[in-house]
Amino acid sequence: MILPNYFQDPNTLHVNTVEHHAYFIPHQQNETALSGKREQSDYFTLLNGQWDFNYFQSYHDLPDNFLDIAFEHKIPVPANWQNHGFDHHHYTNINYPFPFEPPFVPHQNPCGVYHRTLQLTPKHKRYLLNFEGVDSCLFVYVNKQFVGYSQISHNTSEFDVSDYLQAGTNHLTVVVLKWCDGSYLEDQDKFRMSGIFRDVYLLEREQNYLQDFFIQYELDDELRHANLKVETLFSRQPQAIEYQLLNPNGFTVFNQTDTHLNIEVEDIQLWNAEKPQLYTLILHTAEEVIVQKIGFRKVEIKDGILLFNQQPIKFKGVNRHDSDPKTGYAITYAQAHKDLQLMKQHNINAIRTAHYPNAPWFSELCDQYGFYLIGESDVESHGASMLTVKMPEPSILLNHQNDLQTERIRQDMIDNYCYFARDPLFKKAILDRQQANVERDKNRTSIIIWSLGNEAGYGANFEAAAAWIKQRDKSRLVHYESSIYQHSADNNDLSNLDFYSEMYGSTEDIDRYCATAQRKPFVLCEYSHAMGNSNGDAEDYWQAFHRHPQSCGGFVWEWCDHAPYRANGQFGYGGDFGESPHDGNFCMDGLVSPDRIPHSNLLELKNVNRPARAELIDNQIVIHNYLDFTDLADYLTIDYEFVENGVVTSGGNLSVSCKPHSSVILPIELPKNNGHLWLLNLDYRLNTATELLEAEHSLGFEQLNLFSENKLVLPKFTIEKSTFEVQEDHFRINVHNGQFSYQLDKQKGIFSRIEKAGKAIIQQPLDFNIWRAPTDNDRLIREAWQNAGYDKAYTRAYEIQWQQSEQAVEFSVKSAIVSISRGRILTLDIRYRIFNDGQISVEINAIRPTELPYLPRFGLRFWLAKAENTVEYFGYGEQESYVDKHHLANLGIYHTTAKQNHTDYVKPQENGSHYGCEYLKSENLFVSASQPFSFNLSPYTQEELTEKKHYYELQESDYSVLCIDYKMSGIGSNSCGPNLKDQYRLMESEFKIRFDLIFDKTIRQ
């Protein structure tokens, strides 16, 4: 074998690497060091760019003379080779993409050989070659000499290459394998990509250089003074350092020379995510200048409550992968900056680095911009849970109701889950990954919690890891959700873990845990799974978080959809690249699209997490400040407007002082009750621009119904009246006068034709409609819906009676919604009244067998002319809205078209509904109802959205498809979360609704 077998030996993790240490870049001058730009350092040589490249299907194909052969290709560094025509993309969530035989990996293990030259005139210095991220392992050669080996994809591997360099041209060769034994610990839910995906650079250091330093401090009880300590480690022997501290305004606090630092700092300015005040510590050695930003903060737990600077805080967090449709894992400053800016724009204050450390500069940005970080180690072995059990894992492991669920099956899976957590062979690797994470980022202010990893079970290896972290860093807390999954033979020590953490627990789980005094805070490290049209439960979760001081919030799964570009230029998900096994579109579960376009999910979450909330109490507007450290007057201005029957009548703006976690009354005079619908709209706007946000940026909004008993005053119509004639045959009943013509299908009991002045208003017969294109959150209920025949349902009539009066023709229809091979889905008792002015009243009494699954929706489907694709409505808009997902929208008058109303989720599904509507008006149709209704206008049928797998495969209907719904079931987050709550399901055993339809080309008020 040409390559040493290090890649299948868990006892050989690194060969000739520098020990893990804090990340920093030495400079020659203060000016460049203070710039924060490492490229300006004279001691830093970036080796990114086009490298020579050879690709082999297996490392066995690597020729003996691989260091001498010519290179056939070029590849950018950093990059993933799957994005450049080598190998193929592979998405899997849980299952390993290779046989489970730890520590062995397949012989058909793809291999990439990278090469570049470096011109150098070596000095009497040390030269450190850094790789910030390589998947999965690397062998390093300089001038054809083996330098070393390392594995751990998402952390830095550093080699001292001083003794291998020569004057002039130097040849750097790196062999990267797709898999190694470390891949068993890197089974994260993502596209599996390979190669050198983070920066490569060479550092020039002194012979006796500062190798590591650790900044620590203790704050006094008043959080005003700090005892600041800096421990240092030099490569050879201790050396004196000149320490200089600058305050956030740039003024010198102290200047002191010593080997280690121990000094009191008075009148400190604290760091938090709302006000990220950073000090600057400058370390001057004999030849180098090193700059490290410091934020003074204190994180602790008291009485089961998470405190930050002695204030309880809530994580308004997200889980973030490094992911881009074009660059894969290779993320630049600009890409990360865009993510962080979008997060700030949408009220996100915390990030879990799922499920590995990000690039070392990422947390610097979070220090600067103000985010709380859970710094997670590069450990996940979820696939071990599937070792001997192939079942619907999420529903069992997460304790969701399932017909196949048994405690034995669940415990078998958990025992498998803990494989690597208990295996002594992998103890060294698990501990190494914790040490790499902690040592590299230990001086980062924004990292306030260390996480041992993700979905790897619990056992002795993680006990040792948690104990090591607690001994090494007493200033931060330790998190590990998988501690709740323990092997049946174990009784584990959890004393070094500071949180009770769950994934996708329900609001009832939060209430249950917090109902009794607990020593540990409750955190949902993953919740409200953002797959497709999702996050309908965000408001309910935050109501639960706010109910309980012991609940410290959570981290939505996840920030962005994962989808590389396909050859056709469109996004692809699991299975689109010919891979097996795969998990389909389960990677499309982000708040933003792969190219960072916000989904409605993110807009919902933003407003749920708005910094202030208002409510009407005793005819006064009370505002609550949900900020943790900032007075509202220092942060935002409130724009307000009064809306009467959909029309803005007056408004203004104001600033009000309200301390964190407190409430005040807004000095706004309310209108008198005149029986109309009065709404008060509040818009919270940022006072002053920040590094990421512009002044006047909307931080969220509020809408209050000032007189809840009042209803919208609908338009009044003047339409010519004329007596109808009625004609009946075996199949139909025709009703017509000089203007209107209606045809009732006697077999279905519904209108098959509606015309005005000889022009068809509906292009196909109306439908009673119960189906919707399943959302990703319907993936567990979808089978039950289809088994009940909901997707093939149609209407049949049993009895029709009619009578005519001077005012109207009235039909009484007894019918049902049925399906092939199934019994009745709904029993319908319908009364149609066609009035002499052409208006139709449709009164429906429906009875539903309660043994059937809840309904996706119920309503009428209209097939309008393609050209009739513009509507006005009063309801929740402009964004799509649902019974549980309408906090992103306000009630008001809006206009939309069929195309504008449609959202292209990568996997097509229900979208574009609008909740809480009082009326809808198109060119030839006006709809109102006995209660607020939902509607959807789309260029696509629900059948088309159900059938197609990708948005770019959709074929538009020949019609504009309008659905008017009594109710649409909610959205929830059941793709990987709790079942949809009963109050958001259409599950009544009996319900009534009346729709009023007016068909007129020019509707006049």
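Cβ atoms are placed via backbone N, Cα and C, with glycine included.
Summarising the annotation, Swiss-Prot assigns active site, proton donor to E455 and lists similarity to another entry as the type of evidence. The feature active site, nucleophile is assigned by Swiss-Prot to E526.
Looking at E455 (active site, proton donor) and the residue listed as 'active site, nucleophile', their Cα atoms lie 11 Å from each other. Around E526 (active site, nucleophile), the same-chain residues at least 6 positions away in sequence with a Cβ under 8 Å from its Cβ are N319, E481, M503, Y504, G554, F555, V556, W557, E558.
Under the three-state DSSP scheme, E526 (active site, nucleophile) falls in the strand class. Counting every protein chain shown, the number of other Cβ atoms lying within 10 Å of the Cβ of E455 (active site, proton donor) is 24. According to DSSP, E455 (active site, proton donor) is assigned to coil rather than to any helix or strand.
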